[in-house]
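These features come from TrEMBL:
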- 64-69: disulfide bond (DISULFID)
- 131, 133, 144, 197, 200, 232: FAD binding site (BINDING)
- 339: active site, nucleophile (ACT_SITE)
- 339-342: disulfide bond (DISULFID)
- 342: active site (ACT_SITE)
């Protein structure tokens with residue numbers, strides 16, 4: 001018997017002076033509508049990526065042959081673009097190429113090959129939405145298993161809770177051992193695991209919310225798959241793991257929200273432009289971005305990042321570098337995803353989270369930003385980082401909103 005639908009989603013946030021209802025109201029009523037409008041603008045809808053890089057860690061058997069795994073590339077065209085054409089909207093090819101001169105180098109949490117590779121291409125994110133493609137099974141599980149087992153500081157002797165299908169035959173001992181080990185780790189390593197788990201949960205919500213419900217020669221119907229959502233998040237069907245995954249999603253939301261608030265001084269600089277070659281639109285979208293960042297700053301119960309890396313300076317520096325390298329490795333694992341559309345969104349969301357961490361780890365550099373454009377600041381975000389930061393948070397924001405939709409659907413089903 002499935003329990004009260006509120007129980008699957010309601011939860012208290014560990015280590016955060018905040019509750020789910022506060023976040024839901026702030027996100028769904030205030031932030032989400034403005035953010036979606038911004039992400040539909042030209043600056044944020046196009047993402048440069050290389051999708052044909054080989055997996056650096058194991059031999060991939062083949063690329064996904066499912067048609068919904070394919071990515072529609074961006075082909076710059078003239079202003080004769082019509083709204084019903086599945087192509088990119090650009091005035092000229094030169095305007096597209098001109099974007100690169102506004103990028104700056106900085107310390108990174110993700111590989112930069114995609115931006116510099118001759119094989120890279122711009123992809124219109126609105127034409128390639130994140131949704132269920134049919135990509136699943138051992139190949140998909142290998143990706144997440146590699147991320148958790150090799151990059152979350154966990155010894156191999158400690159087994160984490162695995163596929164929900166394995167739970168019915170399990171006594172729960174492995175889960176208890178895992179969480180006992182996790183609670184014994186420093187706050188930074190616990191936070192890192194929760195961020196990865198939260199990202200995993202967010203992606204699963206997207207797949208459940210935009211599931212292929214009907215596929216015929218004349219029509220495809222995408223929508224909410226309640227059964228898929230239950231399999232991934234129901235407490236009984238996941239031996240208690242589902243609510244933990246959702247708590248980690250909210251934790252991820254707070255981390256990325258805090259990063260947006262901390263990045264406000266950078267974007268307030270006069271020289272920072274959302275450049276697309278259309279001055280009036282660029283200014284309008286920068287004003288909207290600043291409005292969103294001010295709104296993020298106004299959130300009353302932000303995560304306190306000062307609890308991170310607060311110990312011995314040398315130990316903190318080493319731990320910070322270990323986390324950066326682990327995240328860098330995770331970004332490389334994205335090239336092992338056989339589904340190109342999944343690879344696209346995996347790369348974008350990984351880079352977005354990495355950019356959020358970069359912002360949180362650069363507080364002193366951000367505070368030292370010059371008031372004059374005559375001096376080159378020590379902190380920079382390039383176009384790729386800005387686009388991925390806002391789109392990644394857009395995905396998390398969408399997940400929070402989709403939980404409201406699932407809550408209503410579960411209430412009807414219950």
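Cβ coordinates come from backbone N, Cα and C, glycine included.
A quick note: this is a predicted structure, and the numbers were derived from the prediction, not measured.
Overlay of TrEMBL feature records on the structure.
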{"residue": "69", "record": "disulfide bond", "Cβ within 10 Å": "19"}
{"residue": "131", "record": "FAD binding site", "Cβ within 10 Å": "17"}
{"residue": "133", "record": "FAD binding site", "Cβ within 10 Å": "19"}
{"residue": "144", "record": "FAD binding site", "Cβ within 10 Å": "16"}
{"residue": "197", "record": "FAD binding site", "Cβ within 10 Å": "23"}
{"residue": "200", "record": "FAD binding site", "Cβ within 10 Å": "18"}
{"residue": "232", "record": "FAD binding site", "Cβ within 10 Å": "20"}
{"residue": "339", "record": "active site, nucleophile", "Cβ within 10 Å": "24"}
{"residue": "342", "record": "disulfide bond", "Cβ within 10 Å": "24"}
Rounded to the nearest Å - Cα separation of residue 69 (disulfide bond) and residue 200 (FAD binding site): 18
Minimum Cα separation from residue 342 (disulfide bond), reported as the residue among binding-site residues 131, 144, 197, 200, 232 that achieves it: 131
Pairwise CA distance, residue 131 (FAD binding site) versus residue 339 (active site, nucleophile), rounded so that it is a whole Å: 12
Cα distance (Å, whole number) from residue 197 (FAD binding site) to the residue listed as 'active site, nucleophile': 21
